[in-house]
């Protein structure tokens, strides 16, 4: 709701294009380095307190943004948001704690679908508010209010072992729980254990918490998960290269207007929501084999990007965009599930934080690669993306045995 309006607002404050770009880059850099630390911190102090802290500090950032009348205050307002707006990652880690490994792709798919709806509706609401007087400030305050509402919802959730057990018992009696009895029993035990650990860790010295965070991050860095994160980086950059010059390339290649490109991107986003809802039947079709589903979706993504790069008509572009919405949504969910399956749920916050940092690196690298590739051809960025996706597929094939094994990769600090 706010992000599409930010460039217009900072220019209205008198900032140059360079200053606006620097502030945007600083936000990305803060996200890059903070996601791993915040994710690991959530493993130590517990999801409830870390999620509440991130939501409230993000609300503070958007409140400051709504009062920004100078470039300096605008830049300051981006600091708490850049450091602490990792609510999606922590929510995914929380879902990973609550559901069984078998049901995780289904739940993550639904979660991603809900997030996608927000990304579809947000710009529409923000665009409407922008037409009003002081519309940017109203959008910022509404955004901060929504964060505060979310903080209240998180606080009201049943977090204790007793409440969790009662909820499971009621769901079991009604027959509406989609998870197995064993998964419910594991959740009951896990919630009690995690709650006790989180309560103890919350009152530890900040220095002890920082030392524990650094120790866990070192364990991830020294583990055998490098290939999983490399696959995530390569596929992220490949998809970002596809979208990097999408509107400009369609105009140069087929002479279509930017409005048509916008409609096509919205169409793809809507299909992404549908793909998230269909993950349940798809995973059952693959017998919950995440590796095989990831390999096939990545291969399909690579093929579709190639079709787009070599398309001779706008119809081929629409066809590739249609199926690409499904393959990328499935691939994003599967790579997260594979990280948690191989790395283990004990450090789910850390793993998701590192994964988010890897994606942030892709967001930094992709524009540079896209600019270089566009010097040669409008089809240069997607063509380069095809090459990177092929490398990711080769890495997955080379490590097939590890992905298919059921044993977790032990971290060095364990």
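Every residue, even glycine, has its Cβ placed from backbone N, Cα and C.
In TrEMBL, annotation is done automatically, which means it is predicted and not curated.
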Would you please say which range out of 225-244, 345-364, 365-384 has the annotation transmembrane segment in TrEMBL? 225-244
Can you dig out which of the ranges 91-110, 111-130, 171-190 TrEMBL describes as transmembrane segment? 111-130
Can you dig out which of the ranges 136-157, 202-223 TrEMBL describes as transmembrane segment? 136-157
Which range of 264-283, 284-303 is transmembrane segment, per TrEMBL: 264-283
Are there three or more C-beta pairs under 8 angstroms joining the transmembrane segment (304-326) and the transmembrane segment (225-244), sequence spacing 6 or more? yes
